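Contents: one structure, followed by commentary.
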Amino acid sequence: ELCDYQDEHGNIEVPDNYKRTPESSCLLDMWIKRQRTAFKAGKLDNDLIQKLEEVGVDLSGRARPFGYELDADWTSTYKELKKYSDANGNCNVPEGDGNLGAWVKAQREAYGEGQLNEHKAGMLQNLGFNFFSKGPLVSKDPWDSRFSELQAYHKLHGDTNVPRYFPLNLALGEFVHDLRTGYQHGALTEGRKKLLKDIGFTFVTSKGRKNTNKWDTTFEELKRYKAKHGTIDIPDSDKSNVVLAGWVSRQRRYQRDQTLKKDRYEKLKAFGFDFGGPAQVRSSWETQYQAIVEFKEEHGHLKIPTNYEPNPSLYFWVGTQRQSYKHGKLSEERIEKLTELGIDLEIQQSRERPKGKSGPAFLNPKEWDRCFDCLVKYKEEHGDCNVSQREEKDRLGSFCHYMRYYHKQGKLSDEQTKKLADIGFSFNIIDSRWSDKYEELVAFNEENGSCDVPLGHSLYAWVMYQRQAFKNGKLAEDRTDLFRKINFKLEVASRAGRKSTGEATSPTVAEKVDRDEYLSELWEKSYNEMVAYKEKYGNCKIPVNYTANPSLGAWAFAQRMAHKKGKLSEERVAKLTEIGFALGEKK
């Protein structure tokens, strides 16, 4: 759908709440935001990253615009290079090989002059593009080829300190490492030593010198990274700079352990190096911050529920920021970012217990009257007093909870008890919920002429529980009488009773049919959810820990295990195979 939008509009700047067709269940702008979140969390497959970058999606962005400026000609030639890479296993197009060769040469020159933007360089790097190759080999000797690449590196960077695990050209990093090793063992010819000296190659002759040189080389690499990205916080999703990220982490650890050499500390400090927490912690902070930005964009507010399904930790993360702010452990930069977003970092004091005062919550007469008035308004608006304990507005959830507790303890005055009872407040929330279900059953009886609730109905599990409670002698007499009034059958014949009356077969079969029918309905329900999943994502590769619908992930796993053990019927195997569900092989 994103490609279709791009073809039609010439860009990927999808409007808010955009649907490709009225029947589509996918909001395309929200889908792009979810891909960004997955990318920042390191959960996006490489092939999907490449596809998104090919259409110009800026995966590291925070808000709009969604995409980079990519001209059509560049993208078209890039696709040609990808085909060449797939066919030949590399991107080493000879410079004289038509338009593609000339284009490849132009990309290397643009990179060397610092004119190739980060996004284009990243796309080429994902193909394994060698930014330092000089076109056709100058000779058939691989050493000459690598030396020409080293010359190109020297021309660009002004030195020959290529990191051993250089992400843009791993072979060149290994080549430089081997040169220094060969020099130490006297394996380099005089002619090659001269060529290397002419370009200022640094030969390492001692272990101490080698370590110093390596540290300085990585430090220079960090400088280049910051110049390019504006930060030294390397995200977990940047797989091309894993070694550099590890080096940064070690410098912080050495400083905490007081084992970092003084000259290195001074160099890093002058550079503006942040010796704070590990990169991964900051990366995690940025990931959560981005998640809350996207929450506000989607919902228009910052009232995150405690059980927010896509990210249950987000609610508690906000509380952690307030605690960090309270204890002076939140940096100015983060305070500014959170405040600009609209997060109030001040921890609100409890109304029922002002500072310097004590006493039971909500029993102050003025506070009680205020909360009672709010409860009356709640009933006028909702028709009942069934306030969730998590309701934060006017602290009604806590108020109702305390009223039930105080009533049980005998701490409410007669007047307060009467006022609450007059507006229909239930002092026993369990009784209240039972009464609601009973009223549903009465309504069902009036509508259908019986209390035989069918399998799959919302009341089915509840009525079965009541029968079980009656059988175990745990159903209160008043509730038993209420069931008798509407002719609800509480008794279920025992298996022994069936045998004594000579009717063992029929009830048992009926009971089994009910169970099989129930399980069959559950299977069909999960199957339909899997069909919907495929329509949305284009495949049936649902993870076992699929957070949006955990039961569906577990169900998919169960089908594969049942098939493996030969316990899945042929009909179900056929249905799952038809939608492309991979069952695996039987034992």
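The backbone N, Cα and C atoms fix where each Cβ goes, glycine too.
As written in TrEMBL, here are the features:
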DOMAIN    1-57  domain 'Helicase-associated'
DOMAIN    71-129  domain 'Helicase-associated'
DOMAIN    141-201  domain 'Helicase-associated'
DOMAIN    213-273  domain 'Helicase-associated'
DOMAIN    283-342  domain 'Helicase-associated'
DOMAIN    366-425  domain 'Helicase-associated'
DOMAIN    431-488  domain 'Helicase-associated'
DOMAIN    521-581  domain 'Helicase-associated'
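For the domain 'Helicase-associated' (366-425), the model's average pLDDT works out to 84. The domain 'Helicase-associated' (213-273) shares more Cβ pairs under 8 Å with 141-201 than with any other stretch in the list 1-57, 71-129, 141-201, 431-488, 521-581.
Mapped onto DSSP classes, the domain 'Helicase-associated' (283-342) shows 40 helix, 0 strand, 20 coil.
Sorting each residue of the domain 'Helicase-associated' (141-201) by its DSSP state yields 40 helix, 0 strand, 21 coil.
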